Amino acid sequence: MSGISVILMSTLVLGGLYLLMAAGLTLIWSTLRVFNFGHGALLMFGSYLTWSLLNQAGLPLVVSILGAVLAMALIGAAYEFLLVSPFIKRPGGDMTVMVATLAATMLLQSGAQLIWGPEIKQLPQLGSARIEIAGAVAQGTQLVTIVLAPLLVGVLAYVLKRSSVGLAVRALEQNRDHAQLLGIAPRRVYLAVVMIAVGLATVAGALLGSMQFISPAMGADPLLRAFVVLAFGGAGSLPGTIAGAYAIGLLEAVTTYHFGLSWSPVLVFLAMIVIMLVRPEGLLRSRVRAA
Amino acid sequence: MRALTWASWPAFAVVLVVLPLVFTDPAARLLLILMAMYGMLAMSWNLTLGFAGIFNFAQIGFFGIGAYTTGILVTKTGVEPWLAIPISGVSAVLASLVAFLPVLRLRGIYVGLATYVFSQLCIYLVLGQAGLTGGSNGIVGIPRLTLGDTSLRADGRIGYYYLAAALLFATVVLVRLIVNSTLGKSLLAIRDNETLAVSRGVSRVRQHLIVFMAGAAVAGVAGSFNAFLNGVVSTDIFGFGYLTLLLSMIFLGGSGSVYGPLIGAVVVTLVSDYLRDAGAWRDIVIAALILVVLWIAPKGLAGLSRQALDRWGRPTSARETS
């Protein structure tokens, strides 16, 4: 039965990574009504920053990750200020924001290439803990991912439910005009949301950078998976995203185990198309509207 | 006004014919060829992206599918090379039917997600079918197009230039026809007020499907041309590089106008060539250019030039209104 436990273990790791990416995208989508195509590049930049803090500034690994999260949150603030808010109010602004975030991806990718050069980098394993359940082994970064991702997103969901910021986020999500009438300043909420989302992406970047290698293009794949998660679980709802992330993780783990690495993305995408065709309103909730 | 528009067609054709006689240097000719090819792609993409307002990211996939169709046909089956060009257009149209599936039931940004994933999926399919597509090595040794005994490469690629120019001219005619037809008007109506347009009897799915297929056909032909021009096809063609390059052309030039993307194609090709030795700086400059245009001139260069023309033509009224 080691096949099943291996699949489950990899589901938890993949699902956790996708969750960190998709939760941020969902949050941005539900409040700002735009998609951030630069999320993968921000993940990559966060990964490089962690590497720099660790290897060039000589900080301990955990401190490096925290530092990178803080620095990236600031970059996220600039990102919101320069790329999202100037366009969001224009007619057809969602498309403009999309193009602007694609341009940002270009900037970040070439910037990373200039700053960190072409040689491949990697972060060390996060811890040396190791558990073995029914023949499947999870250790180091994998174990951290399994625990940390749902924990962070769970805390986020809790905060969104309980705090006043969360209330403002949900108010904007439901009715932007009405929320503004009630005295909620959308700009501030937008800023907070983008900073949180970029912070989560940075954590994903640090985890990914220690499981694989760091390269300027490393964000493309996680971004693609996060898109599928959003289409699957319903962009705009955090519980839907959590379920979607682990569903895609499971689908990918199963198809990789049985059909190999090159067919797994094809099957995942086909599943996504079928679901979109059969039940767009069920999986995407009521949020399908002419944006 | 109407007479002016009609006079502009022969003028445009004459310019296209004369250009390579002015720029005889092979490097300059190659640039002209690239401008024409990118112009085709950008204009056809803008049909869905700008005029129909569909978040279509599959266009780059259609371009690649056209290139791979040509590559496979001429290296594996020995089809007459010239015949491969229309066949590639057809195969891109068939692919567009698959990519259109999400557009049936989804709206707005979700279409963007699904079509973006479609383009990326093409890469995995190509890598998965390595026996047919050469996998990550790509397809090499695509024969050059010849006319009689002369290669289109001869005399500084003049043959390729005229082929590209003819294709570009046909694309411009096609896009003008679509935009000025009832189809084009209904597309604008759907984009700007879908509920009203549908209540007046416009079928969203049918109109969007037609324009989707038309755009895909042009992209497939452009992909085929690209395969013959380079002699190789690789998965780079589906990649992020082409996607951002073309989007920057469309939005730099102005997605709201017919000729904007063509202007953008000319400008971005020139900038990109000027900075070809600058490595990563090239992308930084192009990205910065897009952002600056988005910030200060949301209608792109075409919008700017129209503004300038208006001001120049009607100085007083322009001042009054502004």
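Quick reminder: no glycine exception, Cβ is built from N, Cα and C everywhere.
Checking TrEMBL for transmembrane segment across the ranges B:29-48, B:209-228 points to B:209-228.
For the transmembrane segment (B:82-103), the partner stretch with the highest count of Cβ pairs under 8 angstroms, out of B:54-75, B:109-127, B:160-179, B:209-228, B:279-297, is B:209-228.
Panel annotation: around the transmembrane segment (B:54-75), residues 41, 44-45, 48, 81, 84-85, 87-89, 91-92, 95-96, 99, 103, 108-109, 111-112, 115-116, 118-119, 121-122, 126, 132-133, 138-139, 141-143, 208, 211-212, 215-216, 219-224, 226-228, 233, 235, 237-238, 242-243, 246 of the same chain, lying at least six beyond its termini, place a Cβ under 8 Å from a Cβ of the stretch.
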